Amino acid sequence: MRLLSLPTPLLAAISLPSLSDATHTSNWAVLVSTSRFWFNYRHMANTLSLYRTVKRLGVPDSQIILMLPDDMACNPRNTFSGSVFNDKSRELDLYDQKPDTPTQESAEGGDIATESETSETTPQIMPAGIEVDYRGNEVTVETFIRLLTDRWPASHPTSKRLLTNSQSNILIYMTGHGGDSFLKFQDAEEISSHDLADAFAQMHEKGRYNELLFMIDTCQANTMYESFYSPGVVGMGSSARDQSSYSHHADQDVGVAVIDRWTYYALEFLETRLNSTSADVRLGELFDFMTFDRVHSDAGIRADLLEGGEEAARNRRVLDFFGNVQGVDVEMGDGGRESLGDWRADLEALRRIGERTKREMGELNVTVGAGSKVSAREAGADRSVLPAMRVEGDVLDMAASTGGSGWLKKAIGGTSLLLLGAAWVAGSKMR
Amino acid sequence: MPLRTSSKGSSRVNIETVARLLTIRNSPILLRLPPFVSALCLVVGIAWLFILPLNEYSRQTYVSENAILPGQVHTYFGGSEHNVFRAYRHEVYQMAQWSQADRLAAIEGIMRDIGLKSARQPYRYTVAGEDIQGTNVYALLQGPRADATEAMVLMAAWRNFDGEINHSGVALALTMARYFKRWSIWSKDIIILIPADSTYGSEAWVSAYHSTATEVTAWRNVSELSIKAGALQAAVAIDYPVGPWGHRFDKLDILYDGINGALPNLDLLNTAVSIASGQMGIGCSIHGVAAHSDSYQDRLKTLARGVMTQSAGHATGPHSAFMPYHVDAITLKTVGDGWHDEMSLGRTTESIFRSINNLLEHLHQSFFFYILLNANRFVSIGNYLPAAMLMAGNFTIAALALWLQSGRAPMTPTTKPADTASKLDGLQLEKVKLGDAVVLVPIQATKPMIRHLFLPVLAALAVHLFGVLPLKALVSLHRDYLTLSLQAIALASYLLPSLLSILLVRTLSASTQQIQILQSLSLLLLSAVLATLATLNFSLAFVVGVLAWPLAFVRPLFNPFAASMTLTSTNLHRSLLLAGQLLVTALYLALSPATVLYILTRYFDTSVQWTLLEMAKAWQIQGVYTALVVWAIWWPAWIVGGVVLTSSAWKPRS
């Protein structure tokens, strides 16, 4: 209401960027770690780091699908039980997201109360806990493809579905052990780049995304997006064909590598450059940040599927994929007038439907009143079936008899009911 | 056979092939080839071992198990733990003065104080009139968050393999137990085991661990274990026999040979080596080659020691008993004077246990068959196995050649014909009709010789069964009679071939052919056993192959002064032949199992009685089958060789 009192140019200035940028109306993130086992700690840390970031930038848990095949926090080998760290400084517990400034205790990994205490002093308080949508053996190629293409049995819970539409931007992050054009899922199976490409194509056909940013941190990661062919997909990978992706560093107390290089620097970028949900940082800057010196492998991008090519991709805001928009999708067509006409047409159609229903109801009343008419119609129907069912003469005879002796049958039925009632009364009396 | 074919063309081809084959079968080159091929196998097989230390045939070790992550953790064993260790070491030193009962109670007391469940296991073996008894003490540290399905063993035998009291080793194991108890990161339970003795204590414990009920026999009485944990994943033994004043060591000698030459997974060794040398800076040696310069000579030396130890098949430390149960185990033995103290050994152990703790499944990724040239260089089975296979192949070729020979009619003249023409004359040809074609082939090629198998098979079987006698005698007699029985066996072995050949040739009138078949069968068996054995215990197969090599070349002796020889040879020639034959006989006698045993004890400067007693104990208690291979495989083959050698001497003169 207050907006109305503002000068018109200002109003235009506010609404303009939102109109030009509002190519999407919702943001979703699918974050997948594909490996289990203690020595793959870093893959879980990678994924949880990304999870934390998208959450920090405003994507609600309901729009994040998190797939974790293993539970490092509760692994007996974990020195800091109940915690997962992505840096040896252990300043940030990814598993149970406490206030950003950890207490001395949590850094030492002693006995810490796992319930997060929300202290008012810290500026950024994350909602506590993580919501894992698919865990353990649920993390399979089949689940992943079903998730993307939204092919589920009716019983599948809504919270575990990717409920996107053609106006949704999706961030897909995957990490694990991979090779040339495949990514291993839990030592048992693998997803190939073609599977992924086909899944994205299906998503496109079904109008399940507006634009899609695919990020993958694995060995020979860039081979994973080479076979994509659906428009609107931007790919980012950590290493070229025949290249390994490396871990960044190991925590000598946890005893395993805690994060991969590419993800480490992606996070560094996201943490330092995206300080607020309105940061105007472009995707191109993120691309340029992943240099060989940092990643120790040739990080790659693919943007030719996006309208406008790489230039367009570089100009996309990082928040278009990592943040969240709270737009309302009002389908307006060319202008208000026409939509009013649409409503009129809709109302007219509704009126017609109502009239038709009324008419049919009236007709039905008439037919119910004349029972003989119905039986005649039934008999007719039966007769028309006759040539096809010549063998089953008995059935037809019975059907014919039903037509003639309807009232008689009802009388017999009623009498027998009465007789049964009498017998029951007599029986109860006799006892 | 496709000889009877309707088509003319193809039958011609077949006939040509058959004719060619028949000619080849008779070609003098082919007939004389086998001994040379045999010798070639032998030479190449032995030379093979000498090229293994080269860079091209060996590889740098690497950890192939992803999960094990060696040396990726900080070790915190230190500080006040050092005081605890010193206190324990003094206590252990005190205990050494006490009676066994007091000592066991004291060790158990310490374990209980730490907060562990402890138990004892008395055991007793009686072998060759000797009583081996003791009581193992062990404790179970249950991983606070572990699921109790797996366990690892930290061992320190009360007496180490050399019989010294393992003061610091036991104290360190107890300190480690106390230290480990405070961690909450164990995914497997930890068993702290103090066997009374390095060989039989751990044997008794591990065999009881893997059996549900232990049967008491006259020679074996092993108590059941009152506390057990899950499947053992690995065992590490500490051998640090230093008294209360301590001793700084230079290197860790890593012992890894198991019973019957079984080896622990190479990953466990690699983990220990990489942690000790990479993380802690402690050098590692293998087979006691402390000053290893990584030169060809040093590598060869390590290889030779490895082959010798493995072929003996006996225990080399408390870890050895674990191998037959497929539990990978090693012993860390401190050697030399240096600057590493007990705390660095403790930290090494801690890190090794953290690595084993990381395992998700039994060690399986790396090699189980390897020969180490250095602490970080190895030869894999694919590279060394051909050596033993060539040794076995040598006998197979000799056996097949003998079999072929036994199936052929003897070529009439033993002397060489003067010229080619007369050679051709001597060759009797025969017409063979194949369809509409006629082929001329030598008569020997077509005439089948019937092999009279009954006697040779029976003789070979009997000799091999007879091998049980010396085996039985040497493993079950009282120790006072062991030396005597070996002497008797040696003497009997020298006489037996002659006696047997008299029996065969004179009494049972065995033909030359039957002697050939006997030798062929014996060699065939030897080669088959050696080839099989090579995949289980390469070194044993190889060593037996080397020691038995003359058996492939043994042919009946002949008298150079016999009438048939006088026509063609000069006196000098005949004398040389005689000398050669004497030499062969001497070599044959020198390579008898008993003689070799005597030579080996002399070489390693041990008493014969001690060696025999150890062999008997190893056979009875640990099931070391080296004695079986010697007496039931090698010895019968050697006897048969002697029978062949002497067979012609007793041939009735015609």
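We count from 1, first residue shown onward.
Each Cβ is built from the backbone N, Cα and C atoms, and glycine gets one as well.
Automated prediction, rather than curation, is the source of TrEMBL annotations.
Residues or ranges marked as transmembrane segment in TrEMBL: B:29-51, B:384-404, B:453-475, B:481-505, B:517-534, B:578-604, B:624-645.
Within its own chain, the transmembrane segment (B:578-604) is flanked in space by residues 486, 489-490, 493-494, 547-548, 550, 554, 557-558, 560-561, 611, 630-631, 634-635, 638, 641-642, 645, which lie at least six positions past its ends and keep a Cβ under 8 Å from the stretch. Taking Cβ pairs closer than 8 Å, the transmembrane segment (B:624-645) reaches residues 259-260, 311-314, 459-460, 463-464, 466-468, 470-471, 474-475, 493, 496-498, 500-501, 504, 515, 518-519, 522-523, 525-526, 529-530, 533, 540, 544, 547-548, 550-551, 554-557, 584-585, 588, 591-593, 597, 615-616, 618 in its own chain, all 6 or more past its ends. If you look at the transmembrane segment (B:517-534), the same-chain residues 6 or more away from its ends with a CB under 8 A from one of its CBs are 385, 388-389, 391-396, 398-400, 402-403, 406, 451-453, 455-457, 459-460, 463-464, 504, 510, 540-542, 544-545, 548, 551-552, 554, 629, 633-634, 636-637, 640-641, 643-644. Long-range neighbours of the transmembrane segment (B:481-505) within the same chain, counting only residues 6 or more positions beyond its ends whose Cβ lies under 8 Å from a Cβ of the stretch, are 128, 455, 459, 463, 470, 473-474, 514-515, 518, 589, 592-595, 597-598, 608-609, 612-613, 616, 635, 638-639, 641-647, 649-652. Residues of the same chain lying 6 or more positions beyond the ends of the transmembrane segment (B:384-404) and with a Cβ under 8 Å from any Cβ of it are 34-35, 37-39, 41-42, 44-46, 48-49, 52, 369, 371, 516-517, 519-524, 526-528, 530-531, 534-535, 538, 541-542, 545-546, 548-549, 551-553.
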